[in-house]
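Novice: For reference, TrEMBL lists these features for the protein:
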type     : residues : note
DOMAIN   : 88-144   : domain 'Potassium channel'
DOMAIN   : 180-259  : domain 'Potassium channel'
CARBOHYD : 83       : N-linked glycosylation site
SIGNAL   : 1-26     : signal peptide
TRANSMEM : 92-110   : transmembrane segment
TRANSMEM : 122-140  : transmembrane segment
TRANSMEM : 167-190  : transmembrane segment
TRANSMEM : 202-223  : transmembrane segment
TRANSMEM : 229-253  : transmembrane segment
């Protein structure tokens with residue numbers, strides 16, 4: 001691919017991305033299509049059974065109208081099912097978790113504003129809060145990245161590792177550590193406490209939260225008969241998990257993006273101009289976009305291990 005002309009590299013990347021989207025859609029269609037059809041058939045069978053038993057007591061279309069109203073309310077997080085553990089909709093813990101899902105772009109979708117004022121406020125709140133959250137994350141990144149760099153440099157000097165290998169080992173090690181602490185361990189705890197979800201579903205929830213996908217199809221304690229105090233404590237715990245976990249994920253992404261291999265890949269699909277000193281540096285180099293304040297190393301790039 002080195003002989004590929006620069007103007008053809010970006011379209012090739014776009015085509016590869018579209019191809020990945022198509023493959024993903026085809027795989028999900030093959031995996032999720034049959035279970036969805038089975039669930040639809042089961043729902044229709046139960047509805048037919050209910051109408052056969054109680055249809056004489058109901059006016060035509062009354063059941064469908066009731067189900068439509070219930071489903072429309074469920075979209076906004078309002079449900080009359082359960083014993084009332086979630087009866088206090090839009091109380092302080094629920095509102096805090098909702099605002100955190102906005103500012104972290106997780107967007108679980110299990111509750112949404114009903115009023116016109118609430119929808120307008122959400123737009124203004126997100127427009128102002130998202131840049132502030134990015135500044136906060138960038139500031140925390142600036143404070144924590146030097147520590148990771150020092151740890152990587154110490155390990156490279158201790159075990160006499162080449163700079164590129166030291167950077168790769170540090171990125172992989174930090175990624176595995178974050179996966180264990182913020183994905184696997186919380187998933188095991190959630191699996192033990194929730195009781196009605198499998199370990200795979202718990203890992204799926206943790207990964208979806210920290211990757212800001214937040215599909216909202218699985219939430220801890222949501223829809224269960226929990227005491228309101230326990231339910232709200234779980235919401236506050238999820239709030240702290242989101243904030244800390246997303247910061248850890250940001251550091252992981254930053255660490256991998258500063259690898260020489262990643263920089264070379266970005267450079268290949270980017271401009272065709274000569275490489276600058278910033279393009280050739282590792283994580284220890286300055287990164288103005290990430291608000292880094294690390295001082296440039298006095299040693300040559302081949303003498304100072306990158307992290």
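Positions of Cβ are set from backbone N, Cα and C atoms, glycine also.
Tell me about the setting of these features in this model.
Specialist: For the domain 'Potassium channel' (88-144), the model's average pLDDT works out to 84.
Under DSSP, the residues of the domain 'Potassium channel' (180-259) split into helix, strand and coil as follows: 57 helix, 0 strand, 23 coil.
Packing against the transmembrane segment (92-110) from elsewhere in the chain are residues 77, 122, 125-126, 129-130, 132-133, 209, 212-216, 219, 222, 232, 235-236, 238-239, 242-243, 246: each is 6 or more residues past its ends and has a CB under 8 Å from a CB in it.
Within its own chain, the transmembrane segment (122-140) has Cβ neighbours under 8 Å at 99, 102-105, 113, 246-247, 250, 290-291, counting only residues six or more beyond its boundaries.
Long-range contacts of the transmembrane segment (167-190) within the same chain, counting only residues at least 6 positions beyond its ends with a Cβ under 8 Å from a Cβ of the stretch, are 148, 151-152, 155, 161, 197, 199, 202-203, 205-207, 210, 220, 241, 244-245, 248-249, 251-252, 255-256, 258-261, 282-283, 305-307.
Residues 79, 81-82, 85-86, 101, 104-110, 182-184, 186-188, 190-191, 193-194, 230-231, 234, 238, 241-242, 245-246, 248-249 of the same chain, all 6+ positions outside the transmembrane segment (202-223), place their C-beta atoms under 8 angstroms from a C-beta of that stretch.
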Novice: Mind tallying the domain 'Potassium channel' (88-144) by DSSP state, helix then strand then coil?
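Specialist: Going through the domain 'Potassium channel' (88-144) residue by residue, I get 41 helix, 0 strand, 16 coil.
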